[in-house]
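Taken verbatim from TrEMBL:
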DOMAIN    6-184  domain 'Cytochrome c assembly protein'
TRANSMEM  21-43  transmembrane segment
TRANSMEM  63-84  transmembrane segment
TRANSMEM  91-115  transmembrane segment
TRANSMEM  127-146  transmembrane segment
TRANSMEM  158-177  transmembrane segment
TRANSMEM  202-221  transmembrane segment
Amino acid sequence: MWKKLHQLAIPVNLYQLCGRLTPWFIILSVIFLALGWGWGFGFAPTDYQQSDSYRIMYIHVPAAMWSMGIYATMAIIAFTGLVWQMKVAELAIAAMAPIGAVFTFIALVTGATWGKPMWGAWWVWDARLTSELILFFLYVGIIALWHAFDDRRTAGKAAAILVLIGVINLPIIHYSVEWWNTLHQPSTRMQQSINPAMRTPLRLAILGYLFLFISLTLVRLRNQLLLLERNRPWVLDIVNKKGRKS
């Protein structure tokens, strides 16, 4: 197993693997998002309390879940990269951070849109909302650190350290509705009390977001590998082959 992981740490091997996996995850993301959103927006029953306004959860809940899931993944990769000095781990962080920022932004915007008819305001300094906003700023800070240094290794280590520092925010986001008296509703957690006709499309959408995240990460990681290794023979071979085809 360790031998296989070591092989993946070689940029050319990782580049080729990402290329093979990307189309499959794109197909999966399209299928699951189409099923989840189609079912959720078109066929799920109307909620007796929130009417049709609840349907925004099919966008909001998966984005909010994976805004934290992406950061947790980045933290694991950051720890691995710092301990074993793996430069591809730093590239993975750089590839994931903008995706996490977009997911968090979507969660914030859709949360505000959902909250307006429920709370009577677009924004309140609620514990859950505020900690999610801090998560967005953490993503922005990681992206800024990555671009603040000319040396990629220095940039990668600085970004990885910030990722690990920011991990403390994840349990605050998750448990904020239990620790404090907040306006935000409790976590969904796929409770059995939710109507299956509403719960099933939500699960499909959550999987769709996951596959979308993986697809975008693979594409961005390939680009990061090309930039890092742009003077290597294997990258020049790829450029030459594409040049001959065009």
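Just so you know, glycine gets a Cβ as well, placed from its N, Cα and C.
If you count C-beta pairs under 8 angstroms between the transmembrane segment (202-221) and each of 21-43, 63-84, 91-115, 127-146, 158-177, the highest count goes to 21-43. For the domain 'Cytochrome c assembly protein' (6-184), the mean pLDDT of the prediction comes to 92.
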